[in-house]
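Heads up, the thing below is written out as structure tokens.
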Amino acid sequence: EFNHTGELLATGDKGGRVVIFQREQESKNQVHRRGEYNVYSTFQSHEPEFDYLKSLEIEEKINKIRWLPQQNAAYFLLSTNDKTVKLWKVSERDKRPEGYNLKDEEGRLRDPATITTLRVPVLRPMDLMVEATPRRVFANAHTYHINSISVNSDYETYMSADDLRINLWNFEITNQSFNIVDIKPANMEELTEVITAAEFHPHHCNTFVYSSSKGTIRLCDMRASALCDRHTKFFEEPEDPSNRSFFSEIISSISDVKFSHSGRYIMTRDYLTVKVWDLNMENRPIETYQVHDYLRSKLCSLYENDCIFDKFECVWNGSDSVIMTGSYNNFFRMFDRNTKRDVTLEASRENSKPRAILKPRKVCVGGKRRKDEISVDSLDFSKKILHTAWHPSENIIAVAATNNLYIFQDKVN
């Protein structure tokens with residue numbers, strides 16, 4: 001996740017660590033090196049825990065990271081695992097106080113009887129240190145696994161969503177939250193869908209959307225009522241009966257939902273497609289992009305190896321003109337909304353020497369395979385790109401492929 005200026009890039013891993021990369025200042029003005037990032041700070045955000053009431057282990061794995069807009073010299077970010085959201089402050093220190101009266105240089109207290117002179121403490125320069133400190137811990141509000149966090153445009157509140165509920169928090173208050181959506185039925189046997197993702201509108205602090213495992217998107221307005229179980233708008237595409245199959249419901253489940261920067265459009269990702277919806281048109285998306293339609297014939301084996309339940313994310317570029325999402329075999333896809341052109345690129349160690357140009361990849365479905373094409377049957381489904389990020393104003397992208405992070409910039413002639 002890039003911060004709002006794009007100077008920092010935060011990543012979370014399965015071990016509960018957050019690693020922040022900072023853009024190399026010297027390389028910014030050098031055209032061919034402008035996308036260089038180096039490690040800025042690493043800290044342990046979450047530890048493994050155990051829920052003794054339910055006899056369940058709580059993984060430390062980071063599910064989501066969201067930056068807050070910068071208000072002063074320090075940076076603030078939210079990170080969450082399955083149960084607990086934390087607010088972190090990341091700040092720099094290049095001076096330290098020296099010359100305390102009651103403490104010696106090691107920090108031990110001195111006997112007041114030995115103090116004969118009064119000193120004024122002074123600040124001395126020291127090597128730059130980046131400190132990460134937890135400022136707030138928002139816990140005990142989610143029975144189910146948290147899948148989304150989203151910072152509101154009022155910068156005072158944020159929401160966290162799990163499978164059945166969405167809670168609204170104030171950054172200053174850790175011991176209570178407002179439940180704004182609750183889709184849990186009185187009888188759990190009647191449960192037909194779960195919440196898969198949620199996000200606030202980028203400009204209107206009262207509006208948010210959430211998506212479901214049934215492929216629907218609900219837009220809610222908090223001005224209408226305190227509990228937003230009744231939506232303001234309901235986006236759903238009618239199903240084509242000719243495409244109906246055993247897997248229809250599974251592959252229509254939405255894994256990610258994102259507002260465009262302008263706030264006019266919503267992008268959703270299901271298993272095979274990315275769809276763009278206009279907020280003013282609820283009955284069908286205005287654009288549908290096939291991410292990997294060649295997998296339609298492979299759904300049976302993808303179901304058997306559980307890949308069909310993978311949750312791919314999607315991102316907009318800074319001007320909302322290009323969208324990006326991941327696929328298998330370390331492939332990721334980009335779709336240009338204006339020219340309707342699309343490209344498949346690969347993030348792998350074999351073909352990405354520093355500053356090497358990525359070649360478009362093609363997947364062939366049957367018949368004769370050209371030399372530069374890859375056959376559907378030889379795709380590696382264990383190598384998947386679920387998480388991607390796009391710099392807010394430049395063509396610099398970050399792609400997470402298993403335990404590698406790749407940063408690419410657009411080619412300059």
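Quick reminder: no glycine exception, Cβ is built from N, Cα and C everywhere.
Record features (Swiss-Prot):
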- S245: phosphoserine (MOD_RES)
- Y265: phosphotyrosine (MOD_RES)
- T268: phosphothreonine (MOD_RES)
- 1-31: repeat 'WD 1' (REPEAT)
- 57-98: repeat 'WD 2' (REPEAT)
- 141-179: repeat 'WD 3' (REPEAT)
- 190-230: repeat 'WD 4' (REPEAT)
- 249-287: repeat 'WD 5' (REPEAT)
- 304-345: repeat 'WD 6' (REPEAT)
- 380-412: repeat 'WD 7' (REPEAT)
So what's the mean pLDDT when you look at the repeat 'WD 2' (57-98)?
91
Within this structure, do the repeat 'WD 7' (380-412) and the repeat 'WD 1' (1-31) have 3 or more Cβ pairs under 8 angstroms, counting pairs 6 or more apart in sequence?
yes
Identify, among the modified residues S245, T268, the residue whose Cβ has the fewest other Cβ atoms within 10 Å in this structure.
S245
Per DSSP, T268 (phosphothreonine) is which: helix, strand or coil?
strand
Please report the number of other Cβ atoms within 10 Å of the Cβ of the residue listed as 'phosphotyrosine'.
21
Any idea what the Cα distance is from the residue listed as 'phosphoserine' over to the residue listed as 'phosphothreonine', rounded to a whole Å?
21
Take the repeat 'WD 3' (141-179) and find every residue of the same chain, 6 or more past its ends, with a Cβ under 8 Å from one of its Cβ atoms.
63-64, 66-69, 71, 78, 80-83, 85, 87, 191, 194-205, 208, 210, 222, 226-228
